[in-house]
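A.B. asks: Before we start, here is the structure in question, set down as structure tokens.
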Amino acid sequence: MKLTTFVAAACIAALGGAAFAEDGALKVGMITTLSGGGAGLGIDTRDGFLLAAKLAGGDKLDIVVEDDQRKPDIAVQLADKMIQSEKVDILTGIVWSNLAMAVVPAATAQGKFYLSTNAAPSALAGKGCHQNYFSVSYQNDNLHEAAGAYVKDAGYSKPFILAPNYPAGQDSLTGFKRLYGGELSGEVYTQLGQTDYAAEIAQIRASDADSIFFFLPGGMGISFLKQYADSGLELPVVGPAFSFDQGILQAVGDAALGVINTSQWNKDIDNPANARFVEEFQAEYGRLPSLYAAQGYDTANLLLSAMDSADISDADAFRAALKSADFDSVRGDFAFAANNHPIQDIYVREVIKEGDVYTNKIVGVALEDHANVYVDECKM
Amino acid sequence: MTPLLFIEQVLNGLQFGVMLFLMAAGLTLVFGVMGLINLAHGSLYMVGAFAAAAVAGWSGSFLLALVAALAASAAAGAIVELTVIRRLYDRDHLDQVLATFALILIFSEGTRWLFGSFPLFLDIPDWLSGPVTLPGGIEYPLYRLAIIAVGLSIATGLFWLIARTRLGIRIRAGESDREMIAALGVDISRLYTIVFALGAALAGLAGAMVGAIQSVQVGMGEPVLILAFVVIVIGGIGSIKGALVGALLVGLTDTLGGLLLPEAFKLFMETSDATATGSALASMLIYILMAVVLVWRPRGLFGGAT
Amino acid sequence: MSRERMVNAALMALLLGVPLWAWATDEPFTITLATRVAILALAGVGLNIALGLGGLVSLGHAAFFGIGGYAMGILASHAQSYTPLMESPFLLEGTKSMPVIWLVAILASALAALVIGALSLRTSGVYFIMITLAFGQMLYFFSISWPAYGGEDGLSIYLRNGFPGLNTLDPIQFFALCFGCLAAALWFNARLVRSPFGLALNAARQSPERVETVGLGTFRLRLVAFVISGAITGLAGALFADLNRFVSPGMFSWQMSGEIMVFVILGGVGRLYGPVAGAALFITLEHVLGGISPFWHVWLGFLLLLVVLFARGGVIGLLAGRRVAHD
């Protein structure tokens with residue numbers, strides 16, 4: 001038995017002593033980030049996915065989990081390994097857009113299915129779309145578009161916007177501007193991995209901004225929020241969910257309280273599937289689920305629903321079964337647009353404190369049944 | 001751009017430079033005295049931040065957290081010196097690079113193993129939070145002013161230590177002639193441990209202070225490490241004065257470059273193109289500065305003939 | 001045949017035998033791993049010329065590795081989208097042909113090495129380590145923020161480039177190509193060591209004053225060595241990009257420079273086959289340890305530490321014993 005299979009099997013077994021994959025189980029390769037600075041996101045993705053597999057009986061999916069170390073070349077190597085020697089049917093799990101860009105086109109070109117639990121770069125939604133590539137999370141622009149729509153609806157007229165200088169950052173500001181459409185008081189690109197935002201905060205102070213939109217994933221967002229809170233500026237801050245996710249909020253602390261952020265999921269969305277997910281996740285892992293866990297959970301459930309109505313050996317039928325999205329999403333209504341990206345509601349959340357724990361509550365809907373702008377460019 | 005904004009940015013550059021000095025001081029001392037390249041210096045910065053976050057979370061006291069950071073990083077430094085580093089003094093730089101590269105791996109993943117994969121929480125204490133109004137009407141965070149003050153007083157203390165104390169005399173003697181001071185009966189290995197622990201403690205302090213306004217996470221030390229190397233190379237390796245000048249130069253170049261370059265490009269380019277190009281060039285600026293300094297003065301600004 | 005030669009021969013036989021065996025037993029991933037070893041070893045051979053022979057500790061060889069990678073990425077992406085590289089003053093088309101890409105990668109990285117080397121060689125010792133690092137970082141940040149070729153996202157090439165007469169998509173045939181490049185580089189390196197140039201370079205490393213006295217310019221010797229070194233690492237970069245069908249700024253990162261250096265030191269500095277042994281050991285460890293523990297970097301760290309502290313001369317030194325004074 002391969003060690004990695006063993007590890008995955010051990011994970012599933014640890015989840016409740018479920019029987020290990022039998023013949024006829026669908027073989028899933030999960031490539032995600034389990035070591036280094038971004039490990040928290042990959043761990044949540046994996047845990048959400050494995051939880052869904054366990055709740056479905058544990059013997060339908062044979063899951064191989066591997067760590068990509070957040071390095072594109074390692075991710076490519078793992079994908080080769082999973083396709084060539086593990087002979088998986090489905091690939092999933094990548095957190096970062098640049099890793100997805102390295103893995104997905106080659107995997108789908110070899111006839112494998114790829115279900116994205118998070119990253120959904122615009123290049124794979126428009127001209128580069130593929131019939132075997134499904135994004136279960138969102139299209140990368142979605143949350144930024146929702147933030148733009150919110151800022152416009154809330155009546156702000158001079159937002160100051162900032163993001164790191166890399167493709168996802170540029171997409172973010174473009175997405176924001178697409179649905180905001182008004183005048184900006186400033187637009188700044190920061191360095192990727194930058195940890196000190198004193199200079200940007202000074203620029204905001206000197207500007208005539210009436211609100212701030214920022215996209216700074218991971219540690220960058222923590223640094224920005226702490227420094228902003230200490231600057232004495234009191235302009236309202238809006239951002240996508242990434243900097244306010246369950247895993248990261250505790251490290252931001254009070255600095256995040258009251259901040260508005262946009263997300264397609266939250267733990268208080270009122271439907272039975274979500275209630276069960278939140279409860280089971282806490283019971284299993286002893287912590288609140290994050291957005292990434294929810295996306296991993298939905299991805300596994302989508303896959304399981306397709307298995308109920310089609311067999312992987314008939315790729316066309318299986319693809320159609322995936323596309324029908326006949327599963328109970330924790331987000332409520334869920335459907336795929338023509339380019340295999342979700343049509344879903346995007347919510348406005350506010351950061352609150354429940355006892356000692358920082359978390360989010362939904363305060364409104366930014367966009368209803370929102371798809372993405374790349375649908376028309378996609379020819380498949 | 002208003003003059004106020006410019007002054008505020010100068011202060012930001014100064015604060016960044018002072019932090020870099022705390023990192024660079026240890027690095028340059030260790031190189032000057034022991035002739036050792038220590039890539040793991042960034043890990044000691046991380047150790048300081050994690051120790052501070054853990055103790056602050058447990059006790060709620062920021063001062064106690066700073067003490068813990070100093071103690072933990074000094075202890076980590078001393079242990080590493082005693083077990084690994086002292087075997088490397090008579091090796092060539094290549095072996096030192098590889099061994100301390102290995103130490104980075106051990107420290108980073110070891111910390112993740114102990115503290116988990118999510119960033120830790122460390123906040124500014126209440127009595128240092130919020131902005132103060134400076135003469136001229138500039139609103140500036142008190143905590144950053146405190147960092148500048150602490151950094152400058154440590155710099156003064158270090159100059160005093162090196163110039164006036166017995167330990168300082170030994171350190172200077174060690175820099176110029178290692179064999180000779182050993183022959184004169186100075187316990188050289190103890191001196192080395194002390195210098196290494198001192199450098200580690202400064203790095204740990206920097207980590208803890210910065211951790212309060214940034215993210216305390218695994219791998220936070222590496223970007224700072226690279227910058228600290230840039231600083232000591234610009235200043236001239238082994239020179240505390242060089243480290244201070246280099247740190248302020250790098251801090252100001254980085255902060256002001258990020259501000260001024262996009263503005264400069266806006267004069268003859270479209271706004272969004274100008275910000276993108278300006279930011280791109282700004283991110284390369286300190287490395288360009290370093291290359292220019294080295295091509296002009298191959299031993300840095302204050303580097304002697306070693 | 002000396003003991004070191006026997007170790008070398010066994011090493012090459014192993015690197016050739018494992019993929020052949022994997023081919024016979026239909027384990028394509030093992031072939032991919034072996035290909036990775038061959039390519040990274042080639043990068044190490046390049047660095048070893050500067051490091052082992054010239055005594056130039058470069059912590060910026062990722063610059064050349066990345067330039068090679070982007071030479072492949074840029075040419076192939078233009079060929080892929082049927083857009084010319086430039087139209088004026090003359091038409092320049094992209095290409096999917098490996099030999100052309102290799103040539104461009106070698107020339108581009110040699111040119112970069114010439115510029116970087118000419119500036120860096122004014123310094124020495126630690127300053128040289130740091131200035132090469134600075135040049136690497138410059139290219140790294142440039143590649144991240146330069147939007148034309150993907151920036152941080154990198155560039156995906158959907159199909160591996162072609163080589164006349166071979167099907168490069170077949171893992172074993174692509175491995176054969178990479179192994180061939182490695183063997184050629186090793187042969188070239190061996191010739192170089194024995195050539196008058198190599199002897200002079202070696203002398204310049206051990207005693208620069210004497211070399212100057214006999215009228216040879218150490219600066220020129222070292223610069224030529226640095227250029228050759230950069231060019232070979234650049235070729236490895238092009239192959240690495242083709243292996244992954246992907247290039248990204250990660251190829252320029254200082255960790256990449258560090259890793260290439262680790263291959264060389266792990267195998268044994270200045271040993272002809274050192275990079276091969278180092279890369280093989282590193283990839284094997286990564287593969288085996290990575291499966292055992294999510295914290296495998298800790299164990300890798302301890303292992304590297306043990307090698308530095310107790311196994312001077314690296315793997316080859318351990319197997320072949322202390323080097324007899326030669327050359």
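Glycine is treated like the rest: Cβ placed from N, Cα and C.
Whatever TrEMBL says is automated annotation, not expert-curated.
Marked as transmembrane segment by TrEMBL: B:16-37, B:44-60, B:66-85, B:97-122, B:142-163, B:191-213, B:225-253, B:274-296.
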A.B. asks: Can you tell me which parts of the same chain pack against the transmembrane segment (B:225-253), counting only residues 6+ beyond its ends and a CB-CB cutoff under 8 A?
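C.D. replies: Apart from its flanks, the transmembrane segment (B:225-253) reaches 10, 13-21, 23-25, 27-29, 31-33, 39, 41-42, 45, 155, 158-159, 162, 175, 285-287, 289-290, 293-294, 299-304, 306.
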A.B. asks: So, taking each listed stretch (B:16-37, B:66-85, B:97-122, B:142-163, B:191-213) in turn and counting its Cβ pairs to the transmembrane segment (B:44-60) that are under 8 angstroms, which one gives the highest count?
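C.D. replies: Highest pair count goes to B:191-213.
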A.B. asks: Are the transmembrane segment (B:142-163) and the transmembrane segment (B:191-213) near each other by the rule of at least 3 C-beta pairs under 8 angstroms (pairs 6 or more apart)?
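C.D. replies: Counting Cβ pairs under 8 Å, at least 3, so yes.
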A.B. asks: At a C-beta cut-off of under 8 Å, are there same-chain residues at least 6 beyond the transmembrane segment (B:16-37) that contact it? List them, or none.
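C.D. replies: Distant contacts of the transmembrane segment (B:16-37): 44-45, 85, 88-89, 93, 96-97, 100, 147-148, 150-152, 154-155, 158, 171, 174-175, 191-192, 195-196, 198-203, 205-206, 209-210, 224-225, 227-229, 231-232, 235, 237-240, 242-244, 246-252, 254-255.
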A.B. asks: Near the transmembrane segment (B:142-163), which same-chain residues lie under 8 Å Cβ to Cβ, leaving out any that are not at least 6 residues past its ends?
C.D. replies: 11-12, 14-15, 18-19, 21-22, 25, 124, 128-132, 171-172, 202, 205, 209-210, 212-213, 240-241, 244
